[in-house]
């Protein structure tokens, strides 16, 4: 049995293509059952996020499985195969295992190290388990992917540093103030960057958030998201002294905060330190503000420097993660190969043993003058012959199993000797390997 992965991601398809092939998370039963109804697809899992759509299957027919998934994606979403095909990638065997392990470990994410993708794959697996479209192979495969991702997070620092400007701003604030639990943040602007920064500050336990914007309604809307306080733009400097951290990102063409403004604010704060973060381009805050006593000002260049340094650190950590994945691929591939090989070896030996016993019984029944130890000696002789005959094919199967190329040998033996290997044998092996 083979694992096949077909999909597309932010690396291969624009958002307008990705949204056309996305699956609604609350309506996964229909597509999952449709996949299982397709010829030669034994198990199926669908992962659908804003940045990727992937289908994982187990099948005996690699090329056919890939083609059928591609056709399924096009037909199910009503997209021309000619339009969809250029954006799709397809993997099988070790490449498929590596791909999913990397995805689960966030090495293939838009932001390397982000934690969301692992939860999204777990959710996808949950749907497959609920609707019984995953079985022994994909169950084991995805549980292994989860454990690999955990190892990567535990044994590397891939998720420990900021790689977005908004998160870098929070990281700098923590370096200056340490604990943020008694700090209040003022957001000047209500755009995407301010919203992201607000989320990071809230996640780091700030005491409160104030939001101001030239359009007061937008300030109210963003403040409501974080149980914050909206501030009229006209009241900015009346309220600014209440903020320990000020993050500004507006579309202004001139400075909106100048040194004289901040000097007055600091006096009202009785010289308590303030941290200003200017992520606007053009800048919102006059650089000379940094000269005011007990004021710390950082702009986009400062933050980009933090991000660049952290990206380099993550690149180094990613190398360690790849080494972990290499190690885990070998272990899983061995299990997958043995899943095919072991039941076949058991069935082959059982077939030979049944034949040996049947023929030996016939011989013993018709042998009139059998010596006293004759039956014992014939038992040993026939057993030795069977073992010698079976040693070469058994050794070969085990060897090719370690190399990962088992299907041709397994299929040949099953056909030549008319072997029957039940699903229970495979399940038993799976349980023993857990």
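Yeah, the Cβs are placed from backbone N, Cα and C, and that goes for glycine too.
Residues or ranges marked as substrate binding site by Swiss-Prot: 49, 50, 51, 52, 109, 114, 115, 116, 120. Look at Swiss-Prot and you will find 50 tagged as active site, nucleophile, backed by sequence analysis. According to Swiss-Prot, the site 'Important for activity' annotation covers 99, on the basis of sequence analysis. What Swiss-Prot lists as NADP(+) binding site is 189, 190, 191, 192, 193, 194, and the listing cites sequence analysis.
In this structure, residue 120 (substrate binding site) is part of a helix by DSSP. Apart from 49, 50, 51, 52, 109, 114, 115, 116, 120, the substrate site neighbourhood in this chain, defined by C-beta within 8 angstroms of the site C-beta centre, holds 106, 110, 117. Site extent for substrate: the farthest pair of Cα atoms among 49, 50, 51, 52, 109, 114, 115, 116, 120 sits 15 Å apart. Spacing of residue 193 (NADP(+) binding site) relative to residue 109 (substrate binding site) is 20 Å (Cα to Cα, whole number). Cβ neighbour density within 10 Å is lowest for 50 among the recorded positions 50, 190, 193, 194.
Of all the recorded positions in the record (51, 99, 115, 120), the one with the smallest CA separation from residue 191 (NADP(+) binding site) is 51. Distance between Cα atoms for the residue listed as 'active site, nucleophile' and residue 99 (site 'Important for activity'): 18 Å, as a whole number. One way to see the shell of the NADP(+) site is to take the Cβ centroid of 189, 190, 191, 192, 193, 194; the remaining same-chain residues with a Cβ within 8 Å of it are 187, 195, 196, 197, 222, 249. Separating the Cα atoms of residue 192 (NADP(+) binding site) and residue 120 (substrate binding site) is a whole-number distance of 23 Å.
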